[in-house]
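Visitor: What follows is a single structure, and I will ask about it in a moment.
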Amino acid sequence: MDISIVGSGYVGTTIAACFADFGHTVTTIDIDEQVVDQLNHGTAPIHEPGLNELIDAYGGNRLQATTDYAAVRDTDVTFLALPTPSNADGSIDTSAIEASARTLGEALATKDSDHLVVVKSTVIPGTTEDVLYPLLNDAAGEETNQRIDVAMNPEFLSQGTAVTDFQTPDKVVFGTRTDSATELLTAVFEPLLAESEPALVDTGVREAEMIKYANNAFLATKISLINELGNLCKEYGVDAYEVAAAIGLDDRIGEQFLRSGVGWGGSCFPKDTRALIAAARDVNYEPSLLEATVEVNEKQPKRLLDLLKKHVDVSDRRIAVLGLAFKSGTDDIRGSRAKPTIERLQEHNADIVAYDPVATKHMQETFPDIDYAESAAAALNGAHGAVVVTDWDEFSALDEEFDQMADPVVVDGRRVITRKDDIIYEGITW
Ligand SMILES: NC(=O)c1ccc[n+]([C@@H]2O[C@H](COP(=O)([O-])OP(=O)(O)OC[C@H]3O[C@@H](n4cnc5c(N)ncnc54)[C@H](O)[C@@H]3O)[C@@H](O)[C@H]2O)c1
Ligand SMILES: O=c1ccn([C@@H]2O[C@H](COP(=O)(O)OP(=O)(O)O[C@H]3O[C@H](CO)[C@@H](O)[C@H](O)[C@H]3O)[C@@H](O)[C@H]2O)c(=O)[nH]1
């Protein structure tokens, strides 16, 4: 099948590579010429395990990239994997996806056969049918010989494991208005459905849009709840991880997403919880639990710092921040808990030295005035305290490096440090 994908970020590039791997012919469209060049030369524009190998195999042959929307005319279906960032009030900014729908509609005006546009981006219920569908068809014009249909196919991959998550999902959701859209999506996903046999949810467009938000809101709330319980555990001298391991044995609770710590970040949970809160207010519903979910999350970096300040006066002291990415396995710093942690340290005049194996370059743009070390060992050398913000595996191997600290105070926000002897070690919830 011939597939086009608009937007070549974390979602667009991953699905492009995996669709090519299924045997489909894929054309990606992006406004960023550098991204287009990279893809055509077989290089992934983002850091994701396993992605470079796929792009290397298919980029420039079965997977072609372009900036020209005209390419969609030679395809059967177009996926929109465009950003839907937050407006100041938390609602989603649909400008990129709307602009793209207009250009796409114009490009499709001269196509002779019907076309399906599938929204992969996370959008509030009603966006696909009430906003994008009319935009596409208006832009295509009344003279057109074909009909543009829309569908919604939310994406549940996580960064750091994007390729394997996409290839082996728990579920695939088709939100459609017509049987022909469902049939076309089934054909696109046929290799994946046959190989990994995920649950297939065949539903309406608005339901599909809401399933995506509900999924993320549930997971973010689960983490905030374990963080709240974890904070309480700490006050009572109880290890939150022992408690989490036990409650996770209850199938109704489940063992995943019970790692308490410095909180959730990323490009999705912060944006999507705020978007759902804004959408609730739009219909005069007060989303108290979602607001509490966000509030608990915002408190965790302060708790991390309070634990550090219990042992060290951070003012004018060298403090190491270990980890800048919002989670391990990615160079993405969007929504990273390292940002509020660094801001708080700055408010207390700490002399900050940060380290991350892959995300330093991005953080330098946000915080150009702090020091960055080449290794965790270099960051710890001479430091009066250290906070751990990202769960990188390499931090578990740190040992003698702590002996080089001026004061060996370590506050772990992710439960990754294994060395406990001869240092002052505090876990945020244990
Ligand atoms: N990142 C994730 O893990 C993830 C997972 C599931 C769903 N989502 C959702 O998927 C959507 C995309 O997220 P992402 O993280 O892949 O975004 P991203 O920011 O990584 O990538 C977006 C890409 O779109 C391009 N672009 C912007 N405007 C364009 C236009 N008008 N025409 C063509 N290209 C354009 C940008 O240059 C960029 O390459 C969002 O709605 C997000 O909420 C993201
Ligand atoms: O037990 C846990 C699990 C995660 N986190 C944190 O939560 C954030 C998000 O982690 P994760 O969900 O693994 O990564 P994302 O790439 O943000 O993926 C989420 O957001 C994506 C975008 O919508 C969805 O597609 C995924 O299903 C959803 O898991 C990170 O800061 C993690 O450190 C915790 O603090 N404790």
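Glycine is no exception: its Cβ is also placed from the backbone N, Cα and C atoms.
TrEMBL does not curate its annotations; it predicts them automatically.
Sharing the record's features from TrEMBL:
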- Cys268: active site, nucleophile (ACT_SITE)
- Asp30, Thr84, Thr122, Lys271, Arg334: NAD(+) binding site (BINDING)
- Lys212, Phe257, Leu258, Arg259, Ser260, Gly261, Gly265, Lys327: substrate binding site (BINDING)
- 320-419: domain 'UDP-glucose/GDP-mannose dehydrogenase C-terminal' (DOMAIN)
Visitor: Please give the greatest C-alpha separation between any two of the NAD(+)-binding residues Asp30, Thr84, Thr122, Lys271, Arg334, in angstrom, as a whole number.
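Guide: 22 Å is the greatest Cα spacing among the residues binding NAD(+).
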Visitor: I'm trying to understand the geometry here, so how far is the Cα atom of Gly261 (substrate binding site) from the Cα atom of Thr84 (NAD(+) binding site), in Å to the nearest whole number?
Guide: 27
Visitor: Could you check which of the binding-site residues Thr122, Lys271, Arg334 is the closest Cα neighbour of Lys327 (substrate binding site)?
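Guide: So, of the listed binding-site residues, the one sitting closest to Lys327 (substrate binding site) is Arg334.
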Visitor: Could you state the CA-to-CA distance between Leu258 (substrate binding site) and Arg334 (NAD(+) binding site) to the nearest Å?
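Guide: Just about 22 Å between their Cα atoms.
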Visitor: Looking at the binding-site residues Thr84, Lys212, Ser260, Lys271, Arg334, which have a C-beta within less than 6 Å of some atom in ligand 2?
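Guide: Not one meets the Cβ criterion.
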Visitor: Among the binding-site residues Asp30, Lys212, Ser260, Gly265, Arg334, name every one whose Cβ is found under 6 angstroms from ligand 1, counting any of its atoms.
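Guide: Correct list: Asp30.
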Visitor: Looking at the binding-site residues listed here (Lys212, Arg259, Ser260), whose Cα lies nearest to that of Asp30 (NAD(+) binding site)?
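Guide: Looking at Cα distances from Asp30 (NAD(+) binding site), the smallest one goes to Lys212.
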Visitor: Would you find the one among the binding-site residues Lys212, Arg259, Lys271 whose Cβ has the most company, meaning other Cβ atoms within 10 Å?
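Guide: That would be Lys212, with the most Cβ atoms nearby.
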Visitor: Of the binding-site residues Thr84, Thr122, Lys271, Arg334, which one has its Cα closest to the Cα of Gly265 (substrate binding site)?
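Guide: Among Thr84, Thr122, Lys271, Arg334, Arg334.
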Visitor: Including all protein chains displayed, how many Cβ atoms other than that of Gly261 (substrate binding site) lie within 10 Å of its Cβ?
Guide: 28
Visitor: Between Lys212 (substrate binding site) and Lys271 (NAD(+) binding site), how many Å separate their Cα atoms?
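Guide: It is 12 Å, counting Cα to Cα.
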Visitor: Quick one: pull the CA-CA distance for Ser260 (substrate binding site) versus Thr84 (NAD(+) binding site), whole Å only.
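Guide: Cα-Cα, rounded: 28 Å.
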